[in-house]
Amino acid sequence: MCGIFACHNHPDVAKFKPTALKLSKAIRHRGPDWSGSVTCHNTILCHERLSIVGVESGAQPLTNADDSIAVAANGEIYNHRLIRKHLKNPYHFKTTSDCEVIIPLYLEHGIDAPKHLDGMFSFVLYDKKQDRTIAARDPIGITTLYKGYNSQEPGAVYFASELKSLHPVCDKIEAFPPGHVFDSLTGETTRYFEPSWWDEKKCPQTPLDLKVLRETLEKSVRKRLMAEVPYGVLLSGGLDSSLVAAIAQRESLRLRKLAEEQAANSQDVDPEAQDKGEGLVGIDDDNKLSTVTFLPQLNSFSIGLPGSPDNKAALEVAKFLGTKHHVMTFTIEDGLNALSDVIYHLETYDVTTIRASTPMYLLSRKIKAMGIKMVLSGEGSDEIFGGYLYFHGAPNKEEFHEECVRRVKNLHLADCLRANKSTSAWGLEARVPFLDKEFLEVAMNIDPQEKMISKERLEKYILRKAFDTKDQPEGAYLPDNILWRQKEQFSDGVGYGWIDALKDQAELQVTDEMMKNPKPEWGDDIPDTKEAYWYRCMFDEHFPPSCASTVMRWTPKWVKQTDPSGRAISIHQAKYDHVEE
């Protein structure tokens, strides 16, 4: 995951450049491998690079042949080989970077270029000939991006991967909306992502096809193994990360065999063939993956307090799959000591996000120390399939589906933000197969009656059933007791003592008198618990009030509770046991 900072139409860009480089440096944790910048007219693009694809040649900002177009991009374009092959006009690529395809797509499609990208991305592109800047963010907001303004510079527009690069120079900041593109020629930010399921009031009726559901998720995982560096999987022992790990392990074993076969017949690829995508990492027209990195074993990682439910389940999954598993334990003191740093990197004061991000933040540091630069993760499944325990309270399929769509639309303010910033804090990239465009098109269009929870159907029943193949030629993906394990929210699964300790510490930090007298600058956004109050105070230590408008609080629906923990839902099973179908 990389970091980008840019400013369009600055009143004195030459004088501003040293400041711009300093603001870009503030997010160098996202991209510790290289730094670059391009200045032209009144626009500057800065980039902090994490090299995963096109490692040797993909330094950014990327430019075209005459340097009239420059782009600073953050993310991964999984269909870059296909784009190279199917461009209408010949284009000679300077690098093997997947992100370089943004330039010829812009030349052919203008601001419609993002529609043709399959991946997670944020980018800012500058067209020198038109003095035009366009910026875009991936459909769901897996990568983070913000837009800012300075009231003293009415024509300038700022962009950055994180708030910490914007608040020193902007007095108005907003989250750049996912699935949108900004065009400086019009000053407008418009939606380019218009999937069939976007209208939450339109209840889908597509019959369930378990095979299509399974194969589409397998294809999504396959895409995300595109890499030229060592990678691994986050494995909590829950359903979602376990399925991703199972698919990744199957594909990794296939890739290992293929790599061994190809080693004896390796040959250089002609540069003109490279322009068509030959010899590069990624998927081809036949949905076959090519990658240059394979490991003797797939590495999997879990974290928890000693004796946590997640670590116990993760070990069982890893043993079943044959991954090289690494169990990380943390103490409550480790977590409490890290809280201020976690909030600085997350740039939020949402209780659920902070609870879950702290273990992920600690785990990411250890993963990066092992030389791993990319991990697969299971975010998004609970929003798509109504997997949170509060979905038991959905009164009908229409409201169930409406809540699923709402949750997916808000992922960029919750789980996507957590996964992106917790890992990027240490120069680690998280990829999320459940949020693939094609998989979303399949899963979000299934008749929501199939997703409803009942006495006979556990949450995410159809996802579990799709991978219940022990009696089929595919064989078992997971042990039965993992495949049918009840949902644990990550902040619960790492060990129940974690949340209890946070509440206890908040009691010591926040008095009843403080709760009665919230800060005037908070306006109507008043914390309703001492834990929330404590986090908001730590947020204020790092960020001015102008950043607060980008924060969304995660709250459950259909239940009478203020605590967002899944454990607070009455039907939660407090112990790790076998859940029958």
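Cβ coordinates are placed from backbone N, Cα and C, and glycine is handled just like the others.
Look at TrEMBL and you will find Cys2 tagged as active site, for GATase activity. Close to Cys2 (active site, for GATase activity) in the fold, though at least 6 residues off in sequence, lie Arg30, Gly31, His47, Glu48, Arg49, Leu50, Gln60, Ala73, Asn74, Gly75, Ser161, each with a CB less than 8 Å from its CB.
Marked as domain 'Glutamine amidotransferase type-2' by TrEMBL: 2-187.
Marked as L-glutamine binding site by TrEMBL: Asp98. Taking Cβ-Cβ distances under 8 Å and a sequence gap of 6 or more within the same chain, the neighbours of Asp98 (L-glutamine binding site) are Val53, Gly54, Glu76, Ile77, Tyr78, His80, Gly119, Met226, Val281, Gly282.
Positions annotated as ATP binding site by TrEMBL: Leu234, Ile303, Ser377, Gly378.
The annotation site 'Important for beta-aspartyl-AMP intermediate formation' is assigned in TrEMBL to Glu379. The 10 Å shell around the Cβ of Glu379 (site 'Important for beta-aspartyl-AMP intermediate formation') contains 26 further Cβ atoms across the protein chains shown.
Across all of the domain 'Glutamine amidotransferase type-2' (2-187), the predicted model scores a mean pLDDT of 97. Of all Cβ atoms in the shown protein chains, 24 besides its own fall within 10 Å of the Cβ of Ser377 (ATP binding site). Glu379 (site 'Important for beta-aspartyl-AMP intermediate formation') sits 10 Å from Leu234 (ATP binding site), taking the CA atoms of both as reference points. Neighbour counts of Cβ atoms within 10 Å were taken for the binding-site residues Leu234, Ile303; the minimum is at Leu234. Counting only same-chain residues at least 6 apart in sequence, those with a Cβ under 8 Å from the Cβ of Gly378 (ATP binding site) are Leu234, Ser236, Gly238, Leu239, Asp240, Ser241, Ser242, Leu243, Val244, Val432, Pro433, Phe434.
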